[in-house]
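Input: a single structure, listed below in structure tokens.
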Amino acid sequence: MAQVLSTPLAIPGPTPIQFMAGLLARIVTKNTNKETSTPESPRSPRTPQGSILMDKYEIGKLLGHGSFAKVYLARNIHSGEDVAIKVIDKEKIVKSGLAGHIKREISILRRVRHPYIVHLLEVMATKTKIYIVMEYVRGGELYNTVARGRLREGTARRYFQQLISSVAFCHSRGVYHRDLKLENLLLDDKGNVKVSDFGLSVVSEQLKQEGICQTFCGTPAYLAPEVLTRKGYEGAKADIWSCGVILFVLMAGYLPFDDKNILVMYTKIYKGQFKCPKWFSPELARLVTRMLDTNPDTRITIPEIMKHRWFKKGFKHVKFYIENDKLCREDDDNDDDDSSSLSSGRSSTASEGDAEFDIKRVDSMPRPASLNAFDILSFSDLSGLFEEGGQGARFVSAAPMTKIISKLEEIAKEVKFMVRKKDWSVRLEGCREGAKGPLTIRVEIFELTPSLVVVEVKKKGGNIEEYEEFCNKELRPQLEKLMHYQADEVEEVMCLPPEIEQ
């Protein structure tokens with residue numbers, strides 16, 4: 001049972017600056033139970049509840065509304081899936097100068113697809129409206145859970161582990177949230193954390209002066225001291241501070257820096273004046289203190305957090321991949337039987353040691369699947385060229401399979417793609433968001449003969465133009481040396497048994 005404190009969790013009222021930031025960033029600011037309100041349709045001024053949007057979504061009750069948008073519960077009539085649809089008035093956001101802001105938020109959500117981040121499903125538009133279709137998270141805000149009392153240490157640790165996993169992923173994609181707080185952490189029906197509201201987020205490409213943020217934004221009680229100085233700050237370090245505040249609240253049931261007078265509260269933040277409750281274990285107190293270090297240069301980093309003894313207890317790296325523009329999660333019950341690995345050309349949630357271990361495992365992988373006659377028939381022409389066909393390509397190689405894997409990892413490192421390996425299948429995941437999300441490519445190796453393999457390349461996510469450009473400019477030039485051009489050997493394989501040819 002959660003222990004209920006005598007005083008409820010209190011958040012200070014917004015300052016004028018915070019009010020404006022909230023106005024710009026949080027399109028949904030007011031919850032409501034009104035079910036009579038309805039979204040506007042591209043075909044009529046009003047669409048009643050129960051109407052069908054874009055021949056795909058049945059509109060349900062109003063969940064919330066703000067100055068520029070309304071959010072509705074809806075149901076995908078084809079899959080039966082519940083979703084949340086944000087309906088934005090184009091004219092209002094254009095007049096207010098927020099069109100670029102909306103585009104940036106959509107772009108960021110496409111970039112940071114992760115099991116612990118609210119999923120952007122699709123974006124639709126008409127002449128007057130923008131429809132942002134999001135995952136519907138049933139459990140509500142984590143704030144409401146903590147407001148009833150501080151959490152058990154194991155529960156708080158699990159929420160914190162999921163938060164750090166998602167933040168680490170965002171940072172690896174060059175995205176800094178800048179408004180992490182309990183109200184922006186939702187819980188799904190399985191009790192997992194979902195980070196939401198990327199309205200104040202910034203991407204590394206936007207930053208000036210060697211990656212320094214200049215904008216004063218965020219929620220007062222969660223602001224890092226360097227943000228208050230208005231002299232510029234690193235988004236990653238500011239996010240870590242906010243995570244430290246969240247961890248403190250999860251375990252204490254109240255804010256570390258709190259005062260009715262906001263100037264007094266800012267002074268406490270700037271000086272780092274807080275005290276851990278007596279029920280904090282020494283390990284937890286040390287972790288919180290490292291995260292709430294007022295000096296950003298000595299503040300603990302994400303990799304250090306993930307190596308901390310308190311954090312590591314019971315922690316499992318979440319495993320997932322993007323396929324056909326959908327996020328797919330790999331659930332393994334046994335960490336010791338881990339059949340997939342991760343490496344990257346950029347920073348990621350896996351440590352350098354993990355990456356080295358995974359690369360060394362390649363030599364002990366199981367034998368790749370062999371092609372039978374029907375497989376060969378379906379491949380049709382194995383002439384050794386990089387045969388392209390729509391969203392897939394293949395070639396024959398006589399190179400060792402470990403060499404092919406290494407070359408793919410080398411290419412990924414050059415273009416800063418993430419690499420996920422499982423047996424003789426390699427998944428390359430880009431970080432640049434396209435119209436259909438980041439480019440994701442799967443490369444599979446099949447045994448053709450004891451000395452020949454077929455390497456098959458398929459697009460699993462992203463748009464076709466980006467895929468073709470990547471194949472033509474990156475994959476093909478670097479893999480050509482591994483291609484096998486001895487047609488007679490391939491033709492010999494293609495001589496199928498008479499019963500198959502018939």
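Cβ atoms are placed via backbone N, Cα and C, with glycine included.
Here Swiss-Prot flags 32-51, 331-359 as region 'Disordered'. Annotated compositional bias 'Low complexity' per Swiss-Prot: 35-48, 340-352, in sequence order. The ATP binding site annotation in Swiss-Prot covers LEU63, GLY64, HIS65, GLY66, SER67, PHE68, ALA69, LYS70, VAL71, LYS86, and the record cites sequence analysis as its basis. The annotation active site, proton acceptor is assigned in Swiss-Prot to ASP179. Look at Swiss-Prot and you will find 197-226 tagged as region 'Activation loop', backed by similarity to another entry. Per Swiss-Prot, phosphoserine is recorded for SER201. The feature region 'PPI' is assigned by Swiss-Prot to 390-419, with similarity to another entry given as support.
Helix, strand and coil counts under DSSP for the region 'PPI' (390-419) come to 14 helix, 8 strand, 8 coil. Taking the C-alpha positions, the distance from HIS65 (ATP binding site) to ASP179 (active site, proton acceptor) comes to 20 Å. Secondary structure at LEU63 (ATP binding site), taken from DSSP and collapsed to helix, strand or coil, is strand. Distance from the CA of SER201 (phosphoserine) to the CA of ALA69 (ATP binding site) is 19 Å.
Minimal Cβ crowding within 10 Å, among the recorded positions HIS65, SER67, ALA69, ASP179, SER201, is found at SER67. By the criterion of other Cβ atoms within 10 Å of the residue's own Cβ, the least surrounded of the binding-site residues LEU63, VAL71 is LEU63. In the predicted model, the region 'Activation loop' (197-226) has a mean pLDDT of 76. The Cα of ASP179 (active site, proton acceptor) lies closest to that of SER201, out of the recorded positions LEU63, SER67, VAL71, SER201. For the pair the residue listed as 'phosphoserine' and SER67 (ATP binding site), the Cα-Cα distance reads 20 Å. DSSP gives SER201 (phosphoserine) a coil state; it is part of no helix or strand.
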